[in-house]
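OK, TrEMBL features for this one:
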DOMAIN    B:9-259  domain 'Pyruvate carboxyltransferase'
SITE      B:17  site 'Transition state stabilizer'
BINDING   B:17, B:18, B:171, B:198  substrate binding site
BINDING   B:18, B:198, B:200  Mn(2+) binding site
ACT_SITE  B:21  active site, proton acceptor
């Protein structure tokens, strides 16, 4: 058996943010409250909440959330006796005012996200977060699209802007454990701050990759109850708590209480458990953003084309998170190819 | 990205054998035929079929299969144009006559299983399989309960008896990737034959562990469509095919055709997708045989006790596959503890 000393690992619970992707950003105040209370009771140190794409992202193109950012934060804050409340923001969707409002509403951890090669866009917002006196983090999206040294360089930039924790999101669920080890090791050795890893299960590797990340030096691991999240879902809180306990890491999360929180999620947040279905597997294989799952399925059905082909086309176009406008373009390309392949009646 | 040369890896499809655990061994001839045909079309090289516990295991205690071994083999054989038919047997449940009958019915790969420290029980049967001229394999069950050197010694014993491939099953879904690497490496360096790995997903690590096994030298990986199998299920065929393709291994399985076979399994074999529910997570954490899931749930419900406590008790008693008789003992122990904990009315 693999064991390690009592190294501390933070399980950053993104259920009420990444899990929104699975329900079209439609969580109610009652759902948010019930889960936040269960997660807090399980000893989870951070509960992230918001639109699936973060502060300010609710829109017609990306998907309107049922609640405003303020409503979500106000619902969750009173339920957290010991956990800190976290928010996620990507410059472009979110703004400085969104961050100010979130911190005023009680957010204690603010994540500023950027495409994996564009940490420079986080500078101003990280400075603001530090000025506001709460924890500033940076995560790089679509991290399979950049090499370890490049990611380490980008993370070092974020640290120079004030990020107190930096790391990567496997937004397409495309990384393999060896890829994760190389990336996290490079970031850990280049920066002196805790390294974050956020996995997706599109290729069945969310837990394996998260464990590889921790063993390579990551100290903050994103989890969602039952794995609820974009694509085939995230790293399940209750499973990761058990695996880290087995390895001797300290998370402060009780496995039985995490199982109870997962049960609350199953009963109140989800229509179905996240699954590695053909769309998510091809999404992982082609390296396409997991959050495109529902919009691609809808657009492909409407146009009568194979969603797997749309994912393959988006992979060829190297579509990244935020480029939802490429979905109709890819659908058209697939439809045209299909039309060309059909026999012509004389 | 991790890449490797065109090393060949055999995806050994156990859907119609290990998947039987998920449906109480009740698959019909029509179900067997449909899936066997789809797997063969996907390029799967071996299709294993039978009762979940193998040849001769259908019984009141372990669970009666709907069909006899002969009926199952006769249903599958005609559907396999290129795949070989495999059978599993554990001495004690299966006998030499069962092996003779299976080979006469067309089985080309015969697995003889043993508890991880008892390879000696496979001697006679391996000799028989070799005499019959088909491929002889040995798998060691509950392999988290023995150290790498011990497993390597046991595998070398099996090779000395005639096994042409040897390896381990993570019957409790309790191994971590590092544990797998150590075990498979030790076996590969001690024996000169292909090494087998069979994972379970109780801790979300079926794919991660299977990849670790291949990277440590395993050349036969057990898979089931959609992961259908005991506990939280096995390594999903369609996911493992995609992951190995990404790494550059040659499996002969087409990912799109594997996705189609998985769809056949979803539609025709399963009531629900395998899940990491509390029972399977605790089963993995405590190192208890995945096949105990349904019988433990049934016994715990009947006695009105917490099934998670029953798994913990079975873990303390170090119950191994085949010791179904320990389940009522563990249930009684849990019931007595619960009774003692109740307040006494004066």
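Quick reminder: no glycine exception, Cβ is built from N, Cα and C everywhere.
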Counting every protein chain present, what is the number of Cβ atoms, excluding its own, within 10 Å of the Cβ of residue B:17 (site 'Transition state stabilizer')?
27
If you draw a 10 Å sphere on the Cβ of residue B:198 (substrate binding site), how many other Cβ atoms land inside?
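Excluding its own Cβ, the number within 10 Å is 31.
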Measure from the CA atom of residue B:200 (Mn(2+) binding site) to the CA atom of residue B:18 (substrate binding site) and give the result in Å, rounded to a whole number.
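Residue B:200 (Mn(2+) binding site) has its Cα 10 Å from the Cα of residue B:18 (substrate binding site).
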Can you check how the pLDDT averages out over the domain 'Pyruvate carboxyltransferase' (B:9-259)?
96
Counting other CB atoms within 10 A of each CB, which of the recorded positions B:21, B:200 comes out lowest?
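Comparing Cβ neighbour counts within 10 Å for the recorded positions B:21, B:200 gives B:21.
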Would you list the other residues of this chain near substrate - those whose C-beta lies within 8 angstroms of the C-beta centroid of B:17, B:18, B:171, B:198 - in sequence order?
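Not counting the recorded site residues, we get B:14, B:52, B:88, B:169, B:200, B:222, B:229, B:230, B:234.
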Quick one: what's DSSP say for residue B:18 (substrate binding site), helix, strand or coil?
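For residue B:18 (substrate binding site) - judged by DSSP and reduced to three states - the answer is helix.
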By the DSSP assignment reduced to helix, strand and coil, which category contains residue B:198 (substrate binding site)?
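For residue B:198 (substrate binding site) - judged by DSSP and reduced to three states - the answer is strand.
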Considering only the recorded positions B:17, B:21, B:171, which residue has the minimal Cα-Cα separation from residue B:200 (Mn(2+) binding site)?
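Result: the closest of the recorded positions to residue B:200 (Mn(2+) binding site) is B:171.
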Test of understanding: give the count of other CB atoms lying within 10 angstroms of the CB of residue B:171 (substrate binding site).
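Within a 10 Å radius of the Cβ of residue B:171 (substrate binding site) lie 31 other Cβ atoms.
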Could you tally the C-beta atoms, other than its own, that fall within 10 angstroms of the C-beta of residue B:18 (substrate binding site)?
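Looking across every protein chain shown, the total is 30.
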